[in-house]
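What TrEMBL says about this one:
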| type | residues | note |
| --- | --- | --- |
| TRANSMEM | 25-44 | transmembrane segment |
| TRANSMEM | 88-108 | transmembrane segment |
| TRANSMEM | 129-150 | transmembrane segment |
| TRANSMEM | 156-175 | transmembrane segment |
| TRANSMEM | 187-203 | transmembrane segment |
| TRANSMEM | 215-232 | transmembrane segment |
Amino acid sequence: MAMLPLVLHWFFIEWYSGKKSSSALFQHITALFECTMAAIITLLVSDPVGVLYIHSCRVLMLSDWYTMLYNPSPDYVTTVHCTHEAVYPLYTIVFIYYAFCLVLMMLLRPLLVKKIACGLGKSDRFKSIYAALYFFPILTVLQAVGGGLLYYAFPYIILVLSLVTLAVYMSASEIENCYDLLVRKKRLIVLFSHWLLHAYGIISISRVDKLEQDLPLLALVPTPALFYLFTAKFTEPSRILSEGANGH
């Protein structure tokens, strides 16, 4: 949940930056700075205050995330709202982090975009910021409702989504070989970002007591991109249409 704002920032910056805009890289760096600073500040204000670690209650089961559903009802008449966060602070710390992300974005990004986004029209310069004003409330609701489910399923979600988004990006950018990938530095940044997500998902699934068996799976990180490059020429739409017209 902490990585999602950064990934979405990068996605919408890339989406709205335009092919000829030189501001995308600076916006990517600024988004990384915002999220990193928000994470550090969140840790510093959490218990114990002033240090970069937290005291957390251990998660034992899914119901630990939804203690509000287990408020006692003496004599089945009146519900006593006395439950607390059993997984403190894993549930509420995300909301604090999102608040700091939003504040830092509103303080830093508009000034940066106004100064360097010269390649975009006035109406397009702030679209990546407007997008954040939409996805932050969505992420907040997602954490509030599905925090417990995400806690157990996030490694698999990360792997699936990173694979899908990488395929969509390479297809939309018309990348069909290694030259198309290397011709623009921005494409390499996107590729390496997805590789980091692949690696993070694999490490998250790995068993702590058997790391020596699971970590070699990191060698599979480049496999999806290589598979796409090797097979893209066989699924190119114009080739399929031309072969169909010729009766092959």
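Residue numbers in this text run from 1 along the chain shown.
Glycine is treated like the rest: Cβ placed from N, Cα and C.
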Ask   = Under a criterion of three or more Cβ pairs within a distance under 8 Å and sequence separation of at least 6, are the transmembrane segment (215-232) and the transmembrane segment (129-150) in contact?
value = no
Key: Distant-in-sequence neighbours of the transmembrane segment (156-175), which means Cβ under 8 A and at least six residues beyond its ends   = 11, 150, 181, 187, 190-191, 194, 197-198, 200-202, 204-205, 224-225, 228-229, 232
Among 25-44, 88-108, 187-203, stretch most in contact with the transmembrane segment (129-150) (C-beta, under 8 angstroms) = 88-108
